[in-house]
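Remarks on the structure that follows.
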Amino acid sequence: MKVRSSVFASFILILEGIGVALFLRGFFPVPLKSSVSSKNKLSDLPVEPLTGSSPNSSRLPQPLFKRVVIMLVDALREDFVFGPNGRMIKALTTGTIPGFIDVVMNLNSPALLEDNLIWQAKTAGKRMVFYGDDTWVRLFPKHFMEHDGTTSFFVSDTRSTLKRDDWDILILHYLGLDHIGHISGPHSSLIQPKLMEMDDILKKIHSALISKAQGDICVFWAVAAPYVLPVHSLNEAEGSLPYLLVLCGDHGMSETGSHGGSSEPEINTPLVLLSPAFKRKAGMEKPGVVEQVDLPPTLALGLGLPISLNSVGRVIPGVLEETSLRDQLRFLHLNGHQLSCLLKDSVPDYEKEAGFEQFRVAEKAHGSWMKLFLEGNSSEVLSNMGKKVLKQYVEALAAMSSALSKQLGKYDMYSMIAGMVFVFQLLLVLLLAMPEALSGDAAVELPVLSALLSLPFYLMCLLLASVHVLVCTSAESSCYFCSLSWGLVFAAVAFSSAMFCILISLVTRRLPLGARIHGKSPLRSIGSEWSLSELDVLLLAGTVGHTLSLAASSFVEEEHQTWYFLLNTLCLAVFQDVCRKYFREQRGTGDEEESILPSKDCHPSPKAEIYSEKWLALATPPFTLLCCRLLRSLNQTGVQWAHLPDMGHWLNSSEHRTVLSLLAAFCLVFIYLLVQRRCSWVSKVALALGLLGVYSYRAAVGNVLFPWQHSGRTTSK
C-alpha cells in the first residue's frame, strides 16, 4: 500500500497526538472534586449528631480567634527555625495537594476559582489585607480590602496597619530568602542576616499584637507541617477573642538552593502558631509533624468559617485543646463530614475505606454522647466516653485524609503504558519509513494488507485483549483505558497489533539478516539501504537509553551522570577504532575497514606525517577522558552531591581568589590567542575589549581581583 509522504506524515502526527493525550491522561491524576455546590456555605453544614427522637441541633461552636496574621516566608526550611543554628499557595488556601499540572498553571497564575479559605473569609465579611508576592493578588483578585503586591525582596512596612482596627486577616509573604537561596544556596553568608531580619519582623508583629490584647502570650510550635504545644493561658476580657499569629513557609530549599523536588530539606518547612488561646507547657517539646494541607481547615474552623469542599486536610488537634469537649467533638465532626463527602465523590469503593467506617462509628458514638450530655449527665463515665469518641474522630480523620492524599498522587499506569506503546510504535515506523518518504517519489510503501492477513496479527490481538481483560478485572483502582467502550478498546488493540506487524515487515526489509559479506556485519551489508557502523549503533543505543532514563525522577535530577557514562564509553569506542586502524594486521589489499577518522588513502603521506597523525589520533581519546574527569571535579551538580566540596568551591573561596583571578586571566588570554589569528584588526580590538569587559564584570561582583586589589578586601555592594 503506497501512501504519499504528506498523508503519511499527517497520519503519524494525528496518532502521535492521541498517544500523548492517553499518556497525559494517566500521568496527571484527576483532581478531587465534590459533587455538591462549587463552594461550601454555612447553611450546608451538618447538624450535630444526636441519638433519639429529639431534633438535632445545628449549633456551631464560637470562633477561636478574632484576628489572624499569616507571615509566610518563602523557602523557609525546617532547620532554619528548629535547627542548631503557587502552587504552594494553593495547598495553603484550598487544602488540596498541587499536582504536576499546577506547575504549568503557576506560570500564568490565573484566578483560583475552586473553594478556598480566602473566598470563605471574604464571603463571611472578613476584612483582609495583603502585602508581598503579587501571586496572591492574581490568584485572589478583588478579595483584599487593601493590598500591595511585589515581585522582589521588599514588603511594605506593616507597622501602621498593625495599629489599625479595620482588618481581621493580615497576610505577609516575604520573598527575600527564596531569592538568596536560588542565587547562592542555603549555606550562603547572606542567609543568616536575612533570617535575623525575619526574626526582627516577627518580634515587631508579635509586640504589636500583644499591645492590643492584655495578658501573657503563649506559643504553639509546629513543623512542616509540624506542631508542638508549649503554651500559657491568658485571661482575656469577658467575651473577647484572642489573636493568632502564624509563621510558615510554602516550601523548603535543597542543598543547591532550588525547590520542587522530594528531598527532606525541600518538603519540610516550619509551622509556628502563637496565640494567648494556647496553654503553655513546661519545657520545649520536640515538634510533631502535620501536613501542609492541615492548615486551611484549622484556620477555617478557628475563624468560624466552613472548610473548603475539596480540602483533604484535617484540623490540628492541639489547636482545640483549650476548648470544651463538646466543641472539640463538634469541630472534628464538621471536618469528618467534609472529608467523608469528598471521599464519596472521589473513591468508587469508598465504603471499603477504613477511615470512612471509623467516622460512621465515631459519629454514632458522638450522638450517644450528646444524648447523655443534654440530659445533664456529668459523671466521669461521660468524660471518658467523650475522650474515646474524640480519639475515634482523630483516627478516622487521619485515615480519610491519607486515603484522599493518595488518590491525588495515584497515576493511571495502564493508560500511561498504553500511550507510550502507541507513541514508540509510531516513532519507529516513522524512522524506518524516513528514507522512502524523503526520496524523489515522495511516497511510502506500507505493508498494511500483508500485516492484517498475517497470523502474528491475530495472535497479537488475542494477547493484547487478554492483557486488557486481566488488567481491568484485577486493578484495585479504576483506569481510564478500562472505562472505554469495548469498540474503542478493540480498535486500539487492532491498531497496536497492526503497527507491530508493520514494524516487523519494515525491519526485515530495511535490515536484512543475511550472512556477513566481506567480513562485515549484516547491518552494513551490500545492497541494504542503511549502513550502520558499530559507533552508529552505540550512539543510537545511548540516545535511546538516555531518553528512557528520563522516565525516572532520580535520573532527571542526576541527568549528568548518564552523560558522563555515555561520553566515557564513546571515548573508549573511538580509542578502540583508532587502535584497530593503525595496529591491525594487514591481510591484503581488500582488507580495508571503514573508520571514523579521515583517510588519506588517495594521497599517501610521508612517513613522518603518518607517524605524527597516528600518535595524535591515539592521544586524543585519552586526553578527552582526562579533560572530562577534570570537568567532573570542577563543579558538583545535581541534587545528591551538590553540597560536597569540589574545585569550584575551592577556587571561589576568599583565600584562593588570587588563584582564580590568575586562572581566569590566563583562560581569557588563551581564548584571544586562539580566535584572533583570522580576525581583522578591528575584530581583534573588539574581541580584546569584550574579554576585558568579562573580567571587569567578574571583578566588580567580587569573583576575581584586579592586580591592584588585595585578596582580603571585600567588594562593596
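Every residue gets a Cβ built from N, Cα and C, even glycine.
What TrEMBL says about a protein is an automatic prediction, not a curated fact.
These numbers come from a predicted model, not from an experiment.
Pulled from TrEMBL:
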type: TRANSMEM; residues: 7-28; note: transmembrane segment
type: REGION; residues: 35-58; note: region 'Disordered'
type: COMPBIAS; residues: 35-45; note: compositional bias 'Low complexity'
type: TRANSMEM; residues: 413-434; note: transmembrane segment
type: TRANSMEM; residues: 446-471; note: transmembrane segment
type: TRANSMEM; residues: 483-507; note: transmembrane segment
type: DOMAIN; residues: 530-684; note: domain 'GPI ethanolamine phosphate transferase 2 C-terminal'
type: TRANSMEM; residues: 658-675; note: transmembrane segment
type: TRANSMEM; residues: 687-708; note: transmembrane segment
Fill in: Intrachain residues whose Cβ lies under 8 Å of the transmembrane segment (7-28), provided they are six or more past its termini
99-101, 411-423, 426-427, 429-430, 433, 437, 444, 446, 479-481
Practice prompt. Return yes if the transmembrane segment (483-507) and the transmembrane segment (658-675) have at least 3 CB pairs under 8 Å (sequence gap of 6 or more), otherwise no.
Written response: no
Response to the item:
Averaged over the domain 'GPI ethanolamine phosphate transferase 2 C-terminal' (530-684), the pLDDT of the predicted model comes to 75
